[in-house]
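Encoded as structure tokens, the structure appears first; notes follow it.
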Amino acid sequence: MLGLHVGTLISLSLCILLEPVEGSLMQPCQPINQTVSLEKEGCPTCLVIQTPICSGHCITKEPVFRSPFSTVYQHVCTYRDVRYEMIRLPDCPPWVDPHVTYPVALSCDCSLCNMDTSDCTIESLQPDFCITQRVLTDGDMW
């Protein structure tokens, strides 16, 4: 009985000691300001802006035993509440609609990745990647 009690105290103490370390290393799932690029086929430049996106750590569990009959679902930091804003890209030809809509994160949540609204890949391009010439929102070129 004493061994069980001592083992429990050691486990509890270890959890209490490790909790602040883990909390300080991983940011929670929340909106953060991020530089992103907006571009559209037919327009010669991409616009670089700052907007809130969802980013941070979500607790996930990896099963010890993997069954071929079950699926493992991992939670990711994704949009809970989102607003869409529209911006006009500069220098688009007259036959191309210069307006681009982009999401603005109002709140975030750890949930399954929705491929309709999020980039669910393991490795993707950075959010500020541009194929065309970059223009800052103040008009300067990169």
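Glycine is no exception: its Cβ is also placed from the backbone N, Cα and C atoms.
According to Swiss-Prot, the signal peptide annotation covers 1-23. Residues annotated as disulfide bond in Swiss-Prot: Cys29-Cys77, Cys43-Cys92, Cys46-Cys130, Cys54-Cys108, Cys58-Cys110, Cys113-Cys120. What Swiss-Prot records for Asn33 is N-linked glycosylation site, and it gives sequence analysis as the kind of evidence.
Everything Swiss-Prot records as a feature, shown here on the structure.
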| residue | record | Cβ neighbours (10 Å) |
| --- | --- | --- |
| Cys29 | disulfide bond | 22 |
| Asn33 | N-linked glycosylation site | 11 |
| Cys43 | disulfide bond | 20 |
| Cys54 | disulfide bond | 23 |
| Cys58 | disulfide bond | 16 |
| Cys77 | disulfide bond | 24 |
| Cys92 | disulfide bond | 17 |
| Cys108 | disulfide bond | 23 |
| Cys110 | disulfide bond | 18 |
| Cys113 | disulfide bond | 16 |
Worksheet item: Between the recorded positions Cys29, Asn33, Cys43, Cys54, which lies closest to Cys110 (disulfide bond), Cα to Cα?
Response: Cys29
Worksheet item: What three-state class does DSSP give the residue listed as 'N-linked glycosylation site'?
Response: strand
Item to complete: Could you check which of the disulfide-bonded residues (Cys29, Cys43, Cys113) sits closest to Cys58 (disulfide bond), going Cα to Cα?
Response: Cys29
Response to the item:
Taking only the CA atoms, the spacing between Cys29 (disulfide bond) and Cys108 (disulfide bond), expressed in whole angstrom, is 6
Response to the item:
As a whole number of Å, the Cα atom of Cys46 (disulfide bond) is distant from the Cα atom of Cys108 (disulfide bond) by 27
Worksheet item: What Cα-Cα separation, expressed in whole Å, is found between Cys113 (disulfide bond) and Cys92 (disulfide bond)?
Response: 33
Worksheet item: Between Cys54 (disulfide bond) and Cys77 (disulfide bond), what is the CA-CA distance rounded to a whole number of Å?
Response: 6
